Structures are given as C-alpha cells and as structure tokens.
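Colleague: Below: one structure in structure tokens.
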Amino acid sequence: MKVKLLVLLCTFTATYADTICIGYHANNSTDTVDTVLEKNVTVTHSVNLLEDSHNGKLCLLKGIAPLQLGNCSVAGWILGNPECELLISKESWSYIVETPNPENGTCYPGYFADYEELREQLSSVSSFERFEIFPKESSWPNHTVTGVSASCSHNGKSSFYRNLLWLTGKNGLYPNLSKSYANNKEKEVLVLWGVHHPPNIGDQRALYHTENAYVSVVSSHYSRRFTPEIAKRPKVRNQEGRINYYWTLLEPGDTIIFEANGNLIAPRYAFALSRGFGSGIITSNAPMDECDAKCQTPQGAINSSLPFQNVHPVTIGECPKYVRSAKLRMVTGLRNIPSIQSRGLFGAIAGFIEGGWTGMVDGWYGYHHQNEQGSGYAADQKSTQNAINGITNKVNSVIEKMNTQFTAVGKEFNKLERRMENLNKKVDDGFLDIWTYNAELLVLLENERTLDFHDSNVKNLYEKVKSQLKNNAKEIGNGCFEFYHKCNNECMESVKNGTYDYPKYSEESKLNREKIDGVKLESMGVYQILAIYSTVASSLVLLVSLGAISFWMCSNGSLQCRICI
C-alpha cells in the first residue's frame with residue numbers, strides 16, 4: 001500500500017505543479033518571406049516593398065494635365081503640322097504622351113536632323129512660350145511667304161506648317177536675305193527651320209530664281225552652311241522633293257543669324273523653354289481618365305509609397321525604383337509556427353521547439369502560466385515594444401534609403417544608331433540587374449537579422465526568468481519551468497515583472513525538492529525488491545517444471561537415471 005501511495009503522490013505532484021512558460025506570438029497569417037538561408041518562411045507580420053499594380057489609365061500628375069499628342073508625333077506638334085493645330089494652344093503640361101505609331105509627323109517628307117536629341121530636350125520641358133520670332137507680315141517684304149503643299153493639306157486644301165514659312169521668289173526675284181534674332185527671353189529658345197531640296201532644276205529656278213542657292217545659320221554655338229541637293233527621288237506623300245528639318249537652342253543673350261539666297265524654310269514661331277523636373281515623354285495607348293497621381297508609367301498610374309516597382313522601367317514623376325523582382329517582402333514579425341493544440345497540460349505550451357501561441361494577442365513575447373487559480377497568457381510589453389520600435393525604425397530606414405523616387409524616361413535612337421541603342425540596352429540591363437540584386441540581397445539580409453533578433457529576444461526573456469527562479473523551479477523543456485513551491489497569481493506576476501522574491505520561496509522549494517527526491521529513492525528500492533522477487537519466483541517455477549518432466553520421463557523409460565554411491 002505504501003508503494004502505491006508513493007507512486008500516486010509522485011504522479012499528483014508532477015501533474016498539478018504550478019508552471020510558467022516563455023514563448024512568442026503566433027497567428028493565422030500566411031505571409032511568407034525569404035532569408036539568406038531559407039525560402040518561404042511563414043511569419044506573423046511582414047511588409048511589402050514591391051508595387052506591382054497600376055490603374056491602366058493616364059492621369060494628371062499632381063493636378064497638372066499631360067499633353068496628349070493624339071495622332072501627332074513630337075515632330076508634327078513642334079513643327080506645327082496643320083493636322084496638329086489643336087495642340088498649338090498647349091503651353092504647359094506635366095508630361096507628354098505620344099501614341100506608338102502617330103499618323104501626323106512631318107507632312108512634307110524629309111530628314112529631321114538630331115530628332116532623338118530634340119525629343120530628349122523636350123522631355124525635360126514642362127512649359128514653353130510660343131512667340132513669333134519673325135513676324136509673317138513684316139519680316140520678309142521682298143519674298144512670298146504663302147508657300148504651301150498638297151502633302152500638308154488641311155480641310156482638303158493645301159497648307160503648310162504653322163511654325164514655319166516657305167519663302168519663295170517675289171516678282172521674279174529672290175533677293176539675298178539676312179535676318180537675325182537676339183534672345184532676350186532669359187530662357188533657352190528653341191528655333192526650328194528647314195532647307196528645301198527640289199527634285200529638278202526646273203523647280204529650283206521656278207521657286208528661287210537661282211541654281212546656286214545656299215542657306216547659312218550661325219549663332220555663338222551653332223554654325224552651318226547648307227547647299228540644296230537637287231535630285232530625282234522616289235515619291236513620298238506624292239512628293240519627289242524633300243525638306244530637311246533642323247533646330248538649335250539659343251542661349252539667353254545670344255543671337256542667331258539667317259542668310260540665304262533661296263531654299264530657306266524660315267522660322268516663324270520659336271519657343272522659350274521652361275525646364276521642369278519630373279516631366280518626360282512616354283509612348284502609350286492607355287486612355288486618359290479623371291484621376292490624379294504622383295507616378296505615371298506607359299501602362300498606367302502608380303499610387304504607391306513603396307520603394308520598388310516592377311510595373312514598367314519608364315516612369316514619370318515621383319516613382320518607385322524599377323526592379324525585375326517578383327517579390328520583395330520584409331519581415332516585421334516573428335516566425336509563424338502555431339503550437340500543436342493537443343499537446344501538454346496547457347493545451348498549447350510553446351517555446352523554443354513547439355511553436356508560438358495564438359492565445360497571446362497583445363504582444364510578441366510573453367508568458368503562459370498555470371496554478372490553482374487558473375491559467376492565462378500575458379505579453380512582456382517592454383521587450384515587445386523595444387522590438388517593435390527597433391524593427392519599425394529599421395524598415396522605415398530601409399524604405400527611406402531605397403525610396404529614391406525619380407523620373408526614368410526611355411532614350412531615343414534613330415535607325416542609324418542601332419549599335420549605340422543595343423549598347424545602351426545592355427548598360428540599362430546591367431543597371432537593372434544590379435538594382436534588382438541589391439534590393440533582393442538587402443531584403444534577404446534584413447529578414448535573416450530580424451528573425452535572429454526575435455529568437456535572441458525570446459532566449460533573453462527565458463534567461464531572465466531562469467536567473468530569478470534558480471533552484472526554486474526546474475526546467476521541463478519547451479521554454480517552461482515547474483515550480484517547487486506554490487506560486488499564486490501575485491507570485492506569477494512578480495516573475496513576469498522581474499521582482500520575484502527568491503528567499504521567500506526557497507525553504508518551501510527545498511522541502512519539496514527533498515520530498516520528490518525521497519519518493520524517487522523509495523520508489524527505486526521497491527522496484528529493486530520487486531525485480532529480485534520476480535527473478536527468484538521465475539527460477540523456482542523453472543526448476544519445478546524441469547523436475548516434473550524428468551520424473552515423467554524416468555517413469556516411462558524414456559530417461560534412465562543411475563545413482564552411483
């Protein structure tokens with residue numbers, strides 16, 4: 001009976017001992033992050049750093065409407081193609097939108113010199129002042145200024161560019177001309193002109209009354225002399241002749257001088273440019289909408305404060321940096337490994353092995369206790385708040401450092417610059433690869449550090465409890481301690497807040513340790529007696545059985561027994 005009581009006492013003591021466990025928060029989150037060492041780690045909380053959505057629309061940029069060129073190209077707009085007349089009144093914009101294949105460009109066929117460079121210059125312009133550099137009615141009294149072409153027709157009638165004048169002879173003469181303009185606008189002025197190349201000498205004589213014409217354009221930074229190239233050419237837009245188009249930027253205070261004795265397509269209007277950060281030219285078929293955004297891409301507007309995006313590499317406005325990543329998620333919480341609910345006396349005793357507690361909702365790290373007054377969860381607010389502050393500051397710092405928002409417009413190359421374009425693409429691809437690698441590596445490293453940081457915090461909390469309890473409790477694994485004394489709610493609270501009174505409970509703990517050790521020793525002695533008794537009994541049964549078998553075999557002659565004296 002004594003043995004049975006001791007065994008029951010031991011079982012009762014182990015089952016109903018007061019217990020406290022250290023663990024961490026868990027929830028039903030399915031967020032996954034990658035670290036340097038692991039992929040798809042499920043975590044309780046994380047933040048997305050990569051924007052992958054857009055609205056599919058063209059929007060105002062900070063309240064300013066874009067300049068939609070519609071069916072016109074940049075060339076058609078800036079030269080004043082008659083079909084682009086509606087664009088003449090537009091003098092300010094947030095960005096410029098050109099469709100992929102606009103119909104109305106240079107209506108009179110010819111070569112547009114340095115067109116890609118002009119587009120690049122205009123991509124940084126947010127407004128201009130269109131003014132008459134050489135008034136039509138007063139600048140050319142000795143020349144005809146009404147030159148038109150069927151290839152530039154408007155409303156079924158022959159017409160010409162609105163920003164240029166086609167000068168021809170007057171009264172059978174084409175006097176030498178010399179005209180200058182001094183830039184007093186205190187801004188760069190864009191000046192455009194053209195040189196006509198007739199298809200035959202007859203047209204040359206009829207229009208300009210000379211066979212040896214020239215055009216000279218000179219400023220402080222530009223000097224060029226043009227000679228018409230008279231030659232038969234294939235018809236383009238029903239024209240065998242050509243007009244080559246040229247432009248220059250005139251600095252404030254500089255003067256440009258035009259001299260010619262024929263073939264000049266003279267400037268009528270010029271443009272005083274106002275540069276603006278965040279402007280640009282994009283090629284897009286996206287529809288315009290009544291929306292406002294800070295970032296515009298050819299695919300649609302992005303409204304995001306995230307540091308990275310994978311929508312499009314060409315952006316206008318304050319935009320996240322483009323990377324080729326499919327996922328950039330930074331952990332802000334802990335590993336999310338909910339404990340097995342059916343295990344342990346508490347239903348979910350977690351810690352360093354089992355997993356986190358879904359019952360603890362007010363913090364990241366904390367305690368679960370069990371005593372005669374019940375059980376419950378409590379977060380350690382100080383360590384949780386310190387961790388939250390540290391991680392929040394880190395995430396904000398990462399976003400701030402990587403969130404260099406800017407405009408990234410595409411570079412323009414003409415058909416003769418394919419090698420340069422291919423080289424540029426390789427360079428851009430290299431930069432994109434570097435940015436993508438840096439972004440991904442940064443997130444991987446920070447995720448690894450954050451998860452290690454949480455593990456360290458839980459272990460520190462465990463060591464804090466262990467150093468208080470000393471030998472007043474024993475470690476039972478999974479981050480739990482079993483008290484050798486009764487620990488009510490007040491006692492539990494003192495352990496949690498670091499004011500546990502070790503001497504107060506040491507005597508009770510010592511007595512209970514000795515009782516438990518005594519129970520173990522007596523139980524061991526009983527088990528030894530039982531083992532000896534069982535061995536002796538088994539041996540006796542074996543000897544009796546062997547004797548009975550021998551006696552039976554001797555009686556029927558199967559076994560002969562001889563006893564010699």
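Keep in mind that glycine also has a Cβ here, set from the backbone N, Cα and C atoms.
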Colleague: Going by Swiss-Prot, tell me which one of CYS21, CYS59, CYS152 is disulfide-bonded to CYS107.
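Modeller: Checking Swiss-Prot: disulfide partner of CYS107 resolves to CYS152.
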Colleague: Name the residue from CYS291, CYS319 that Swiss-Prot records as disulfide-bonded to CYS295.
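Modeller: In Swiss-Prot, CYS295 forms its recorded disulfide with CYS319.
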Colleague: Going by what Swiss-Prot says, which of ASN142, ASN556 is noted as N-linked glycosylation site?
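Modeller: So the answer, going by Swiss-Prot, is ASN142.
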Colleague: From the disulfide entries in Swiss-Prot, identify which of CYS59, CYS72, CYS84, CYS554 pairs with CYS291.
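Modeller: Swiss-Prot lists the disulfide between CYS291 and CYS59.
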Colleague: In this structure, which of the glycosylation sites ASN71, ASN104, ASN176 has the fewest other Cβ atoms within 10 Å of its Cβ?
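Modeller: It is ASN176 that, of the glycosylation sites ASN71, ASN104, ASN176, has the fewest other Cβ atoms within 10 Å.
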Colleague: ASN27, ASN28, ASN40, ASN142, ASN303: which of these glycosylation sites has the highest Cβ count within 10 Å of its own Cβ?
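Modeller: That would be ASN27, with the most Cβ atoms nearby.
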Colleague: Using ASN28 (N-linked glycosylation site) as the reference point, find which of the recorded positions CYS59, CYS107, CYS291, CYS295, ASN303 has the shortest Cα-to-Cα distance to it.
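Modeller: Nearest in space to ASN28 (N-linked glycosylation site), counting only the recorded positions, is ASN303.
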